[in-house]
Amino acid sequence: VLRDQRYKLLRYSKEELSIQLSNVTLQDEGVYRCFYYSRHFRQKSHNVEILAAPSHPVLEVSQDAERGIKLSCYTQGCKPQPQISWLLDNGMELPGDTRHQLGADGKKWSSSSTLRVLSYSPRVRASCIIRHPALSGRSLRRSQRLPELPSAEDPEVSSPSENAAASSPSEDAAGTGSSASPENPE
């Protein structure tokens, strides 16, 4: 491996061998073995897992058929799958209908989450929050103010309540839905 310019020999002694790898890619993932040759041959193995951070989320807001608002949040290029949730101004964090699709490389995921908001107070801000182990405890967030709901002139349309209310289809037991690709991930 030391023929690869990305590897650097840090320490080499009778008791220790240390290497460093720069510009890590997902192809560097796998089992690394150290062989020790002396009177007795010994070997140590270590499985190295590479994490890929998600892209900054893309947030889309559209009018729902039931006169509510449909929020969609997209991210891509991450490993493992991210956790996506929603935060409305009322402070309540909500799960959405989250779907994951494995990319053509078989390693990175594209993920989308949708949330239907049926009623909310004026000037409410919605945020898509993405959590992932590669972010070291931080999260990615994209926020947008929600547009005004249609007026209550139609007798079937109720006026927005003081508190935000939202609904989302339930997720399966693993917390992920079936594979689906985002309509427009960029």
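Cβ from N, Cα, C; glycine included.
All annotation found in TrEMBL is predicted automatically rather than curated by experts.
In TrEMBL this protein carries:
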- 157-174: compositional bias 'Low complexity' (COMPBIAS)
- 176-186: compositional bias 'Polar residues' (COMPBIAS)
- 54-147: domain 'Ig-like' (DOMAIN)
- 140-186: region 'Disordered' (REGION)
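Confidence annotation: the domain 'Ig-like' (54-147) carries a mean pLDDT of 91 in the model. Per DSSP, the domain 'Ig-like' (54-147) is made up of 3 helix, 57 strand, 34 coil.
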